[in-house]
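**Student:** Dumping the structure here so I can ask a few things about it.
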Amino acid sequence: MHIVVVGLNNKTAPVSIREQVSFGEHEMKGAVVALRDEKSIFESVIVSTCNRTELYVVTDQPHTGRYYTKRFLANWFGLTMEELEPYLFIHEGFDAMKHLFRVTSGLDSMIVGETQILGQVKTSFFTAQKLETTGTVFNKLFKEAVTLAKRAHAETGIGENAVSVSAAAVTLAEQLLGSLEDKSIVVIGAGETGELTTLNLYEAGARDITVFNRTLAKAEEVANRFEGSAHSINEMQCGLLRADIVISSTGAKRAIIKREDIAAAQLFRSDRPFLLIDIAVPRDIEPTAGDLPGVHLYDVDDLTSIVQQNMAERMKEAAKIERRIEAAIAEFEGWMTTLGVVPIITELRDQSLKIQQETMQSLERKLPNMTNREKTVIGKHMKSIINQLLREPLSYIKDAAAKPDAEQRIAQFMDTFALDEELFDSAAEEMVLQEETTAERKAVNR
């Protein structure tokens, strides 16, 4: 069996394409089942977010798996293969597994180390699992990817440093003034950046937040979400009088807060420090306001340097996670190799079970007066003996599948236990395919 992923993301496709090729919640269930029902596909999981749509499949032949997965995606959204293919990426085997681990860990995200994608992958997997479109391979692979991602985030701290300007603004405020719980904070602008800033402030413990915006309704919408108050931007001067922190992010073409506005506010503020953080481009606050006594003014360039430093830290942590991923995939590939001998193990267990049943039937004929309890006790002991006898042979055959001379070892094993030769042919074919895939990957890496 082979793992293939076909998809597109923010690196390969513009938003105009991504919004066309996106599975909504209402269609996800039907889509993942329909994908599994395509020719040559045995397991399927679909991950679809605003930044990516990815189809993971287990297939018996990589080339047919690729083709039918691409065709399914094009047909589902009413596109031709020619229209869709320029925006697609395709990974197979090791590369497909590595991609899943990187996505789940947040290493493939626009903001490296973000955790939202972890929940999205989990939801996609659980949906597929409930619909029984996953099996032996994906049940193990996705669980291991999720487990590694959780552990990596907990142990490396990759998500701790702010890497967006709005988050960096809040981090800077905490560094300079300490806890935000008792601070009066003014947010100017209720657009996407202003809303994200308000969210970050609220999550940092701020509860005295006032949002100013040209459109009062938009200010109220943002403020109400975070227990704040809202005012028209025309009332901003009153907000400056009591604010400890001002974070501004409007789309104005010129400065909306003049030096004299800050100077006037300072007359009523005693000796309290006044922190102004301007994350707008063009700038919202006149730069000369920072020259006033007690005023500390930072602009987007100051924050960009913080973001760059933090991103460098995240990339160091990301490198640690990459090494964990490599180790996890190597272990998973070893497990995949043993799948080729699963039919042999099953046959050996079936033979043992048949012997147990025949022996039990013989005992019942010779000892017709046995009670049900006696039969149960004897049956349990027979099963225990068989399991103990099989433990070493089963351990041997699993290890043998990963050895250089696996084919010879398995043939000897089959001959020893008088197992069906067709099972050996199936196992040998699977191991050859796995070896070819590994050899191809190593050749590419060289």
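The backbone N, Cα and C atoms fix where each Cβ goes, glycine too.
The substrate binding site annotation in Swiss-Prot covers Thr49, Cys50, Asn51, Arg52, Ser109, Glu114, Thr115, Gln116, Gln120 and is backed by sequence analysis. The annotation active site, nucleophile is assigned in Swiss-Prot to Cys50. Residues annotated as site 'Important for activity' in Swiss-Prot, with sequence analysis given as evidence: His99. Under the heading NADP(+) binding site, Swiss-Prot lists Gly189, Ala190, Gly191, Glu192, Thr193, Gly194.
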**Student:** Checking the spread of the substrate site as listed (Thr49, Cys50, Asn51, Arg52, Ser109, Glu114, Thr115, Gln116, Gln120): what is the longest Cα-Cα distance, in whole Å?
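**Tutor:** Roughly 15 Å, rounded to the nearest whole number.
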**Student:** May I ask which residues of the same chain, at least 6 positions away in sequence, place their Cβ under 8 angstroms from the Cβ of Asn51 (substrate binding site)?
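**Tutor:** Looking at Cβ-Cβ distances below 8 Å from Asn51 (substrate binding site), excluding near sequence neighbours, one finds Asn9, Asn10, Arg18, Ser109, Met110.
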**Student:** Taking each of the binding-site residues Gln120, Gly189, Glu192, Thr193 in turn and counting other Cβ atoms within 10 Å of its Cβ, which one has the fewest?
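**Tutor:** Result for the binding-site residues Gln120, Gly189, Glu192, Thr193: minimum number of other Cβ atoms within 10 Å at Glu192.
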**Student:** Near Thr49 (substrate binding site) in space, meaning Cα within 10 angstroms, which of the binding-site residues do we find among Ala190, Gly191, Gly194?
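**Tutor:** For Thr49 (substrate binding site), the binding-site residues whose Cα atoms are within 10 Å come to none.
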**Student:** In three-state terms from DSSP, label Gln120 (substrate binding site) for me.
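**Tutor:** Where Gln120 (substrate binding site) sits, the three-state DSSP reduction gives helix.
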**Student:** Roughly how many Å lie between the Cα atoms of Gln120 (substrate binding site) and Thr193 (NADP(+) binding site), rounded to a whole value?
**Tutor:** 23
**Student:** Taking 10 A as the limit, how many CB atoms besides its own sit near the CB of Ser109 (substrate binding site)?
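**Tutor:** By my count, 20.
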**Student:** Among the binding-site residues Gly191, Gly194, which residue has its Cβ surrounded by the fewest other Cβ atoms within 10 Å?
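**Tutor:** With the binding-site residues Gly191, Gly194, fewest surrounding Cβ atoms within 10 Å: Gly191.
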**Student:** Whose Cβ lies within 8 Å of the mean position of the Cβ atoms of Thr49, Cys50, Asn51, Arg52, Ser109, Glu114, Thr115, Gln116, Gln120, the substrate site, other than those residues?
**Tutor:** Gly106, Met110, Ile117
**Student:** Could you check which of the recorded positions Cys50, His99, Thr115 is the closest Cα neighbour of Glu192 (NADP(+) binding site)?
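**Tutor:** For Glu192 (NADP(+) binding site), the spatially nearest of the recorded positions is Cys50.
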**Student:** Note the Cβ centroid of Gly189, Ala190, Gly191, Glu192, Thr193, Gly194, the recorded NADP(+) site, then list each other residue of that chain whose Cβ lies within 8 Å of it, in sequence.
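**Tutor:** Sorted by sequence, the hits are Glu195, Leu196, Thr197, Asn213, Val222, Ser249, Thr250.
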**Student:** Can you tell me which of the recorded positions Cys50, His99, Thr115 is spatially closest to Ala190 (NADP(+) binding site)? Compare CA atoms only.
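**Tutor:** Minimum Cα distance from Ala190 (NADP(+) binding site) across Cys50, His99, Thr115 lands on Cys50.
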**Student:** In whole Å, note down how far the CA of His99 (site 'Important for activity') lies from the CA of Thr115 (substrate binding site).
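**Tutor:** Just about 16 Å between their Cα atoms.
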**Student:** If one measures from the C-alpha of Gly189 (NADP(+) binding site) to the C-alpha of the residue listed as 'active site, nucleophile', what distance in angstrom results, rounded to a whole number?
**Tutor:** 25
**Student:** Under DSSP, is Gly194 (NADP(+) binding site) part of a helix or a strand, or is it coil?
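**Tutor:** Looking at the DSSP assignment, Gly194 (NADP(+) binding site) belongs to a helix.
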